[in-house]
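Asker: Structure below; questions to follow.
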Amino acid sequence: MKCSLRVWFLSVAFLLVFIMSLLFTYSHHSMATLPYLDSGALDGTHRVKLVPGYAGLQRLSKERLSGKSCACRRCMGDAGASDWFDSHFDGNISPVWTRENMDLPPDVQRWWMMLQPQFKSHNTNEVLEKLFQIVPGENPYRFRDPHQCRRCAVVGNSGNLRGSGYGQDVDGHNFIMRMNQAPTVGFEQDVGSRTTHHFMYPESAKNLPANVSFVLVPFKALDLLWIASALSTGQIRFTYAPVKSFLRVDKEKVQIYNPAFFKYIHDRWTEHHGRYPSTGMLVLFFALHVCDEVNVYGFGADSRGNWHHYWENNRYAGEFRKTGVHDADFEVHIIDMLAKASKIEVYGGN
């Protein structure tokens, strides 16, 4: 009996010691390792501090899911808006001929050399090597900022610009692209006064202000020799027609249109309608590949169905449709398709 009582007392004592030990350990652990239970840790600062990080992750996730490559409402190169456009568009082809893409594929070389055949052949690469000692030979559009929206106006030469009043709207774009003669003085209210890019070939070339990029559209190796000459010695004065022996343009802003891009338009877009695409189409697709948003002015006939230039008084000149080189009707069809695909907006003029 005495032994049983002794065992019972010892058991109770050990149990009480064990319980007290647990209580002490829990209390000490709570104070030492759970600071978020401290009243100071429950203020609004800590709760608010967590929210922006999570919200930021949500915004980043939405941006990634949207897949947009620019800050415009719609971005030109982003797929999904039109199956027709996506099946034709190739964003990997540079519209600018540079040191990096100087070597043309054989099929492109043959096609380009036959656009305006010359009696005397020239080594294209050697000509380009010399030319790129005078002009940059770089692609200024290689890097695009996804946080910006590059808006471009492609301004054609149609008579439908007369009386349109588009001038201020045109001048509001980042890039304003014109072609060939395209006078602005005296027509500012309708065509605008600013120009950032002017596309010409030797036979249509004119002097440009220092802040304008001259984009040469070459149809033959002689055109490359001409621009090198026009910016240096002035020796070349004739191709198949008289050309300017000297040209006043900013050498640092001279760009050369890529024949491979030229053929890409002919193959993919105009689908061999006409011998080759018109200058207007070349400029339009240049814009489609370097811009985020493209608005088109001065293309097609006027409201009476006449084809003429906006600076011509003869409304019935219709030179564009009489050349036999370009298929005007098919090019109008392509422009209409691009507009329906929401890739461009066309301003029909007067």
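Along the chain as shown, residues are numbered 1 onward.
Including glycine, each Cβ sits where the backbone N, Cα and C put it.
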Asker: Of Gln109, Gln116, which does Swiss-Prot put in the substrate site with Asn157, Asn180, Tyr240, Tyr276, Gly280, Gly300, His309, His326?
Answerer: Gln116
Asker: Tell me which of Cys3, Cys291 Swiss-Prot records as disulfide-bonded to Cys152.
Answerer: Cys291
Asker: Could you let me know which of Asn92, Asn211 shows up in Swiss-Prot as N-linked glycosylation site?
Answerer: Asn211
Asker: Which of Cys3, Cys75 is the other half of the disulfide bond that Swiss-Prot records for Cys70?
Answerer: Cys75
Asker: State the Cα to Cα distance, in Å, between Asn211 (N-linked glycosylation site) and Gly300 (substrate binding site), rounded to an integer.
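Answerer: Between the Cα atoms of Asn211 (N-linked glycosylation site) and Gly300 (substrate binding site), the distance comes to 29 Å.
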Asker: If I restrict to non-local contacts, at least six residues apart, and a C-beta distance under 8 angstroms, what lies near Cys75 (disulfide bond) in its own chain?
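Answerer: Counting only residues 6 or more apart in sequence, the Cβ neighbours of Cys75 (disulfide bond) under 8 Å are Lys68, Ser69, Asp292.
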Asker: Cα of Gln116 (substrate binding site) to Cα of Cys70 (disulfide bond): how many Å, rounded?
Answerer: 39
Asker: Between any two of Gln116, Asn157, Asn180, Tyr240, Tyr276, Gly280, Gly300, His309, His326, the residues recorded as binding substrate, what is the biggest Cα to Cα distance in Å?
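Answerer: Between the most distant Cα atoms of the substrate site, 28 Å.
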Asker: 10 Å Cβ neighbour count around Asn180 (substrate binding site)?
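Answerer: There are 19 of them.
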Asker: Within 10 Å of the Cβ of Cys152 (disulfide bond), how many other Cβ atoms are there?
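Answerer: Excluding its own Cβ, the number within 10 Å is 25.
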Asker: Which of these disulfide-bonded residues is closest to Asn180 (substrate binding site) if you go by CA atoms: Cys70, Cys72, Cys149, Cys152, Cys291?
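Answerer: Nearest candidate: Cys152.
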